[in-house]
Amino acid sequence: MQNFNTNRLDYFDNIKWILAIIVINFHSFVHFQEVYPKYSNAFNYVIEFNSSYFMELFFFVSAFFVIPSFLKKGKKEFNKDKIVRLGSGILLVIFAVNQIPDIINNWGQKSIFQLYINEITHGLKPLFDLQWGQFLNVAWFCWVLLVMTLIWSYFTNKEAIQNKPNKPLPSFVTIILFCIFMIPFNCLAMGLMSVLGDDFLGIHLMYYLPTYIAAFIIGIQCYKNQWVYKIDKTYGFFGLVLFLICISFSWSLFPGMTVGSFYYIPLHTGCAIGMCLFIIYVFKTYFNRSNTFTQILARASFPAYLVQSIFLNILFKYAESAVSWNPWAVTLFIGAMATICSFILGIVLNRLPYTRSVF
């Protein structure tokens with residue numbers, strides 16, 4: 001492979017911490033959509049918009065850096081590093097993050113040890129019915145990413161990813177045809193999920209899986225062929241138009257739909273690819289810079305993503321009942337507070353000896 005362009009990629013770090021903030025606030029909207037039924041439709045638009053692209057962008061950004069890491073470390077060390085990093089995140093969520101809110105909420109009723117054991121026992125029940133996503137919580141992303149990465153590594157060697165010619169960025173027609181090509185796979189995933197369950201083997205909402213896989217593969221190809229440097233204004237706004245067409249067409253087919261119905265729309269791949277193209281262009285053009293503060297946020301974004309449930313669940317119980325503001329203000333306030341607390345804890349985890357090397 002030719003030497004990769006050495007232009008700055010600070011915008012990828014900025015995308016990471018911005019996405020972490022979006023995800024935390026997304027979960028605040030999901031919760032309060034049920035708390036405030038009158039605002040359900042309005043909140044639903046926020047949820048629909050974000051769920052149409054953000055996890056795909058996470059998979060894309062993660063996959064973008066697997067080739068340089070693989071070439072630098074070799075297959076054995078690469079696999080070990082991914083297992084330790086992503087596996088540690090999974091264990092942190094299963095054995096700490098999931099238990100802390102309930103222990104705090106039931107403080108004084110039993111000993112901490114009894115509360116912890118009860119929560120572990122209750123939390124791992126889905127293990128036996130194969131609905132692993134329920135106890136993986138937000139770490140389902142780490143699990144799916146780990147599986148994808150190890151599968152890619154198994155079928156890859158250094159010779160296979162070196163000395164490859166750069167391919168041009170796919171044309172608009174090719175991108176549109178690919179989105180159409182993905183429709184039957186999305187439909188197949190919908191059918192499988194209706195049979196296997198929402199969290200089968202840790203795959204949260206399986207109807208998204210084909211697009212997650214596509215985003216992962218595209219991220220690898222994007223590094224190999226240096227496509228990020230070829231995404232210009234034309235491609236950026238093409239992506240925006242593609243997103244608007246796909247999501248508008250979906251809404252026209254399902255007027256008044258809820259979040260649940262939106263998840264079943266087969267045009268999700270077009271929405272995700274379109275918005276990802278637009279976001280990459282915008283960040284590459286206007287946010288390709290960093291400073292000490294943004295670097296700290298970028299490093300803390302992964303642990304902040306993992307620990308968000310601690311603060312969201314505590315705030316949902318104690319803060320929402322104490323605040324009598326407008327529902328939009330309550331939702332945004334609790335989302336903002338959870339974001340700040342999650343990033344503070346994420347920064348702390350980045351300073352500790354072991355977790356610093358992991359996260």
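Numbering starts at 1 and runs along the chain as displayed.
Glycine is no exception: its Cβ is also placed from the backbone N, Cα and C atoms.
Here's what TrEMBL has on this protein:
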| type | residues | note |
| --- | --- | --- |
| DOMAIN | 10-345 | domain 'Acyltransferase 3' |
| TRANSMEM | 12-32 | transmembrane segment |
| TRANSMEM | 52-71 | transmembrane segment |
| TRANSMEM | 83-101 | transmembrane segment |
| TRANSMEM | 138-157 | transmembrane segment |
| TRANSMEM | 169-193 | transmembrane segment |
| TRANSMEM | 205-223 | transmembrane segment |
| TRANSMEM | 235-257 | transmembrane segment |
| TRANSMEM | 263-284 | transmembrane segment |
| TRANSMEM | 296-316 | transmembrane segment |
| TRANSMEM | 328-349 | transmembrane segment |
Considering the transmembrane segment (328-349), which listed stretch of 12-32, 52-71, 169-193, 205-223 counts the most C-beta pairs under 8 Å:
12-32
Going along the chain, which residues at least six beyond the ends of the transmembrane segment (138-157) come within the CB cut-off of under 8 Å?
23, 55, 58-59, 62-63, 66, 70, 75, 78-79, 82-83, 86-87, 89-90, 92-94, 132, 199, 202-204, 209, 212-213, 216, 220, 305-306, 308-309
Intrachain residues whose Cβ lies under 8 Å of the transmembrane segment (205-223), provided they are six or more past its termini:
4, 55-57, 59-68, 144-145, 148, 152, 167, 178, 182, 185-186, 188-190, 192-193, 196, 198, 263-264, 268-269, 272-273, 276
Report yes or no: does the transmembrane segment (263-284) come within contact of the transmembrane segment (52-71), defined as 3 or more CB pairs under 8 Å with a sequence separation of 6 or more?
yes
Can you say which of 83-101, 169-193, 296-316 has the most Cβ pairs under 8 Å with the transmembrane segment (12-32)?
296-316
List, by number or range, the same-chain residues at least 6 past the transmembrane segment (296-316) whose CB is under 8 A from its CB atoms?
13-14, 16-17, 19-20, 23-24, 27-28, 31, 89, 92-93, 97-98, 100-102, 104-105, 137-139, 141-142, 290, 334, 337-339, 341-343, 345-347, 349-350, 355, 359
For the domain 'Acyltransferase 3' (10-345), what's the mean pLDDT in this predicted model?
88
